[in-house]
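Structure, as structure tokens:
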Amino acid sequence: MYPQGRMSHHFNEMREGDHLAVKGPKGRFKYQPNQVKAFGMVAGGTGITPMFQVTRAILENPQDKTNINLIYANVTYEDILLKEELDDLTIKFPNQFKVYYVLNQPPEIWDGGVGFVSKEMIQTHFPAPASNIKILRCGPPPMNKAMAAHLEALGYSAEMLFQF
């Protein structure tokens, strides 16, 4: 739950046995196979949801050769949603899909990123700015704001960016 989250207040008011009707996925993001050479995706917590949908749509289409580089940030290891599924995709599509996990409070043995997603992490794990790449981001508002600043500083233009 996020204090300023669009759905958090609805979930907070729900009681056991309540029902919530949902529709999915829809919105301003439209994707066509091979529309770009690569996606850089940065997700925080439940922000993995639209990234996972886009990733699966790309990887399930053998004609789609789009590369995907995902940076996925969480507080703890236990907070990582869809980890098994994401790891399976990196094994099945090693040349097309890569994921870099970042934890604020990592376990003692950890080989991923530590702290908040940094400009250096983006530079290392994302494709360089170009007209044929797009950067997608979805996370808590403070993270989205920080990522927008990092991406701008690294030379990604507004046309290359999309926030869910």
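Every residue, even glycine, has its Cβ placed from backbone N, Cα and C.
Quick look at what TrEMBL lists:
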BINDING   Met7, Ser8, Thr49  FAD binding site
DOMAIN    41-147  domain 'Oxidoreductase FAD/NAD(P)-binding'
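Remark: of the binding-site residues Ser8, Thr49, the most isolated position is Ser8 (fewest other Cβ atoms within 10 Å of its Cβ). Per DSSP, the secondary structure of the domain 'Oxidoreductase FAD/NAD(P)-binding' (41-147) breaks down as 42 helix, 27 strand, 38 coil.
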